[in-house]
Amino acid sequence: GIVSIMTLTALAYERYIRVVHAKVIDFSWSWRAITYIWIYSLAWTGAPLLGWNRYTLEIHGLGCSVDWKSKDPNDTSFVLLFFLGCLVVPVGIIAYCYGHILYATVQVIKLLKYEKKVAKMCFLMISMFLICWMPYAVVSFLVTYGYSNLVTPTVAVIPSFFAKSSTAYNPVIYIFMSRKV
């Protein structure tokens, strides 16, 4: 999930640089971005292994995740910063980039057909990511902030599986929206 949202953030930034500033990102930038995305993701997923929160069995018992239920200040600080650093900030950057692309599109009437199609494809990928992960985020916050009685195993399993299936949707979107794939 973290790799997905950060990749979508990097794609939004690349589209922003390409469309708004008319610059092309080079190959070495792409590799650096991929490296930073994976390091960032490993840092967040590794933190619970080093004692900042922990991994535990999810309510439905079919997978593991961070401990959303813990009331320990150390654990709740992780959940809050995880939510900010792995959802709020990336979505904010994505919104900023695509907002400026939209503004530039309105300002510059003739935008290449290909660029519009790629922007639509990226927007669809981001939308699908949010559709897949938002229910999981809501359930996790309900559990974190003391409403675990509302989250039965049956209620918890659907957002969990839906979130984890999000990586399967990007290739499908690529196939249907890009002839080059």
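Positions of Cβ are set from backbone N, Cα and C atoms, glycine also.
Residues annotated as domain 'G-protein coupled receptors family 1 profile' in TrEMBL: 1-174.
Sequence-distant contacts of the transmembrane segment (33-52), counting only residues of its own chain at least 6 positions beyond either end whose CB sits under 8 Å from a CB of the stretch, comprise 2-3, 6-7, 10, 14, 66-67, 74-75, 77-78, 82, 85-86. Taken from TrEMBL, the feature transmembrane segment applies to 33-52 (among others).
As annotated by TrEMBL, transmembrane segment applies to 78-101 (among others).
Look at TrEMBL and you will find 122-143 (among others) tagged as transmembrane segment. Beyond the transmembrane segment (122-143), the same-chain residues lying 6 or more positions past its ends with a Cβ under 8 Å from any Cβ of the stretch are 1, 4-5, 8, 11-12, 15, 59, 65, 68-69, 79, 83, 87, 91, 94, 98, 150-151, 155-156, 158-160, 162-163, 165-166, 169-170, 173, 177.
For 155-177 (among others), the entry in TrEMBL reads transmembrane segment.
Long-range neighbours of the transmembrane segment (155-177) within the same chain, counting only residues 6 or more positions beyond its ends whose Cβ lies under 8 Å from a Cβ of the stretch, are 1, 4, 58-60, 62-63, 65, 117, 120-121, 124-125, 128-129, 132-133, 135-136, 138-139.
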